[in-house]
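Enquirer: Could you have a look at this structure, given as structure tokens, before my questions?
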Amino acid sequence: TVMAAPMTNDQSWFYALALGVSFLKCLLINAYHSTDFEVHRNWLALTHSLPVSQWYYEATSEWTLDYPPLFAWFEYGLSHIACFFDKEMLVVPNLNYASPATVLFQRLSVIVADVVFFYAVKECCKCLREDKGKDLLGKPSFILTVLLLWNFGLLIVDHIHFQYNGFLFGVLLLSIARHCQNRHFEGAFLFSVLLNLKHIYLYIAPAYGIYLLRCFCFTQSNADGSLQWRSFSVVRLVILGTIVLSTFAVSFGPFIALPALFKIWHRPNGARGFLRCLVICALGSFMFGWHVHEKAIMMAILPLSLLAVDSRKDAGIFLMLSVTSHYSLFPLLFTTQELPIKIFLMLLFTIFSLASLKTLFRKGGALLNPLEVTYLLGLIPLELICEFVYPLTVWQKTFPFLPLMLTSVYCALGVTYAFIRLYISLLTCSDTTKKTKMQ
């Protein structure tokens, strides 16, 4: 069963956090933006100006439409609002067009689309068991809300670099929440929608497929937790298949995720097992394509936040992965004026993560061992060398990418370590687990 108790009688703190982060996003409207800004402006223009049959063939810009159809329709909908700000942004030949009105509209479109993310976070919080008597700062729902709504990676990737990840992760988290609430048809539908918004989420499709087949299509387990084959429901499979058929039709499944998928089939361990397998699928795929899509690390960090407020061991893994991965995103913001912003926001998020999770799991010792703490502290001299010392050396002109290489290699150690710990945690977890906050 799923614990779906209300977060608190007074949820004003949730709206305060949501409004606060929205205000911060507004302050970043005039910050640096990457080429992704022009990518999405071009998609607004071509979906608004051309018939549907030409959307995927228009090549005036090098940034052709390469997202699935539902995201194209999302851009089409936005374009009808964009025309009230500046119609020139909707002209396909106007390459690299970035008038103040265009910047304002595109930034606001990301901020407003995050309403989906806010709603999803609120639904995820309903899946947590709240301990009565704890003050607000010690409540899992409050900590999870801050870890998600104020996530450093999302702030810089969406509201400085420029993308719509908050909206997309909102659909993902809402799908996860529905599965935790045993509303599996809704969860499967939402994930199918997500696949048609951005194909990168195919990385975690195996976790969904195995979990739904094992825990939904098979309605019962034996006393030892093993599969009861006679409990298979053909009706459920047929109904579910109409929603997720596209997922099973894709021949997908990186080798590194196979043991995790076997584990979730053999001993599902409920929603926690599903979440852990989902994170492993996301992280395993990311590790094989780090520099192809470095922002994909967010697909592992955000779902892992749900586990972090539920388990001491997962909280430690989350701290290692989030701090390391968030720092690995620093090279995305390479201009001087964004340097203090990214350092301040990361410090703020990291300090809260450490303090809140330490408070939540105050019993049982430190969340990080001395070696892990030493590794994370090593990010400080690495940042000083890459940002301040190396540019003053004679090697800056000869080897300009050396700081990026150092950052990548150092962060790879932390990400790999977190991945191994997470995998060991999944494969060695007890089959007869105690009742936890998230079941």
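Glycine too: its Cβ is placed from the backbone N, Cα and C atoms.
Not my notes, these are from TrEMBL:
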- 12-33: transmembrane segment (TRANSMEM)
- 97-121: transmembrane segment (TRANSMEM)
- 142-162: transmembrane segment (TRANSMEM)
- 200-217: transmembrane segment (TRANSMEM)
- 237-261: transmembrane segment (TRANSMEM)
- 273-293: transmembrane segment (TRANSMEM)
- 314-334: transmembrane segment (TRANSMEM)
- 340-361: transmembrane segment (TRANSMEM)
- 373-395: transmembrane segment (TRANSMEM)
- 401-424: transmembrane segment (TRANSMEM)
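So where do these features actually land, and what's packed around them?
Expert: Remote same-chain residues near the transmembrane segment (12-33) are listed as 103-104, 107-108, 110-111, 114, 118, 122, 125, 136, 142, 145-146, 149-150, 155, 159-162, 333, 335, 337-338, 341 (criterion: CB distance under 8 Å, separation of at least six residues from the stretch ends).
Proximity of distant same-chain residues to the transmembrane segment (273-293), defined by a Cβ-Cβ separation under 8 Å and at least 6 residues beyond the stretch ends, is recorded for 176, 179, 200, 203-208, 210-211, 215, 254, 256-257, 260-261, 263-264, 267, 299-300, 303-304, 306-307, 314, 321, 408, 412, 415-416, 418-419, 422-423, 425-426, 429, 438.
Panel annotation: around the transmembrane segment (314-334), residues 32, 34, 152-153, 156-157, 160-161, 276, 283, 294-295, 297, 300-301, 304-305, 307-308, 341-342, 346, 349-350, 353-354, 357, 360-361, 367-368, 372, 375-376, 379, 383, 404, 407-408, 411, 414-415, 417-419, 421-422, 425 of the same chain, lying at least six beyond its termini, place a Cβ under 8 Å from a Cβ of the stretch.
Non-local neighbours of the transmembrane segment (340-361) in the same chain are 28, 31, 137-138, 140, 142-143, 146-147, 150-152, 155-156, 160, 308-309, 312, 315, 318-319, 322-323, 326-327, 330, 333, 367, 383; each lies 6+ residues outside the stretch with a CB under 8 Å from one of its CB atoms.
Residues 319-320, 323-324, 327, 330, 339, 343, 402-404, 406-407, 410, 413-414, 417 of the same chain lie 6 or more positions beyond the ends of the transmembrane segment (373-395) yet place their CB under 8 Å from a CB of it.
Sequence-distant neighbours of the transmembrane segment (401-424) (same chain, 6+ residues past either end, Cβ-Cβ under 8 Å): 259-260, 276, 279-280, 283-284, 286-287, 290-291, 297, 304, 316-317, 320-321, 323-325, 327-328, 330-331, 375-376, 378-379, 382, 385-387, 390, 395.
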Enquirer: Can you work out which residues elsewhere in the same chain, 6+ from the ends of the transmembrane segment (97-121), have a Cβ less than 8 Å from its Cβ atoms?
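Expert: Here the qualifying positions are 18, 22, 25-26, 28-30, 33, 37-38, 40-41, 78, 81-82, 85-86, 88-89, 91, 144-145, 148-149, 158-159, 162-164, 166-167, 169-174, 177.
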